[in-house]
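**Student:** Got a structure for you, questions after.
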Amino acid sequence: MRFVDEYRAPEQVMQLIEHLRERASHLSYTAERPLRIMEVCGGHTHAIFKFGLDQLLPENVEFIHGPGCPVCVLPMGRIDTCVEIASHPEVIFCTFGDAMRVPGKQGSLLQAKARGADVRIVYSPMDALKLAQENPTRKVVFFGLGFETTMPTTAITLQQAKARDVQNFYFFCQHITLIPTLRSLLEQPDNGIDAFLAPGHVSMVIGTDAYNFIASDFHRPLVVAGFEPLDLLQGVVMLVQQKIAAHSKVENQYRRVVPDAGNLLAQQAIADVFCVNGDSEWRGLGVIESSGVHLTPDYQRFDAEAHFRPAPQQVCDDPRARCGEVLTGKCKPHQCPLFGNTCNPQTAFGALMVSSEGACAAWYQYRQQESEA
């Protein structure tokens with residue numbers, strides 16, 4: 001397949017691995033204290049495990065997993081609010097498939113559906129808007145979540161709902177922004193992060209300039225990378241080269257997709273519909289300043305929380321779970337005492353095991369047999 005196979009060619013992968021090993025031999029990092037590269041994107045995490053890239057790295061270079069999966073950082077209280085809204089008999093509650101099994105204290109949306117709530121999986125917010133137009137006597141609520149990657153499609157859908165004057169369409173907002181989260185990670189003492197592989201999809205929207213503070217303020221190199229083996233390995237080589245040269249700058253490996261300025265039309269749609277300045281709670285990480293998203297005044301009438309006025313939900317994470325440590329790269333999934341036992345894909349305890357982009361789900365799928373051995 002053109003534009004895919006060439007980025008997975010085994011011969012080129014092995015050549016790049018050999019080049020990486022040669023370059024890494026010049027690093028001051030050791031097997032005991034390797035160069036820790038945080039891959040921020042859940043798509044990167046799954047690609048790394050699927051293709052076994054973590055096992056091909058030199059012993060003095062290591063991947064650590066970051067909070068790049070928006071479903072994985074859904075607070076339990078927000079799921080409980082979703083369940084409460086979905087339980088209204090006049091509501092059709094729409095969301096993406098990944099969110100269906102995320103557990104809250106009052107159960108998941110899938111369990112709410114089993115109890116009789118009208119909860120439906122959609123593939124796009126436009127599908128939810130179409131449902132609203134087809135069911136004028138029902139109240140259709142779209143549960144929007146994700147980083148800047150999915151915000152433009154939500155914004156355009158709300159623009160369409162406003163233009164068409166759809167009165168029975170509502171939006172429950174759980175969009176969050178990536179940049180404040182990276183800053184919050186780096187402000188933690190002893191964060192152990194030496195470099196970043198930044199997500200291609202988010203960067204396609206926000207561009208590369210948004211990351212400059214990581215190099216200038218925190219002196220960490222960052223490379224925006226694609227999702228195929230050669231993309232990721234080339235990104236690692238670029239980071240190793242920066243470390244050898246004692247440089248800290250932002251580089252773009254994924255130039256075939258990501259312009260440095262990002263997608264200006266997408267940014268305009270986001271700015272029209274969303275205020276990107278509120279605080280937001282992240283599961284396992286607490287409240288992160290300025291990472292939340294709210295509707296602008298012109299779109300307030302679509303706000304599901306303002307319309308249904310659900311009771312505020314504050315649910316503490318179980319102290320046995322190490323979700324927050326996995327999300328910040330401080331431990332590996334299999335080091336959590338619940339991993340593979342209480343928490344598995346069939347009976348997930350945490351969202352990291354539920355989402356198709358979660359680090360725990362990836363580890364369970366691709367590394368579980370090794371952990372048991």
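Don't overthink the numbers, they just go from 1 along the chain as shown.
Note that Cβ sites are derived from N, Cα and C of the backbone, with glycine treated the same way.
Bear in mind that the values here come from a model prediction, so they are computed numbers and not experimental data.
Feature list, courtesy of Swiss-Prot:
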BINDING   Cys41, Cys69, Cys72  Fe cation binding site
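Are these features on the surface or tucked inside, and what are their neighbours?
**Tutor:** Counting only same-chain residues at least 6 apart in sequence, those with a Cβ under 8 Å from the Cβ of Cys72 (Fe cation binding site) are Gly42, Arg283, Cys323, Leu327, Gly350, Ala351, Leu352, Val354, Ser355, Glu357, Gly358, Ala359.
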**Student:** Just going by other Cβ atoms within 10 Å, which of the binding-site residues Cys41, Cys69 has the emptiest spot?
**Tutor:** Cys41
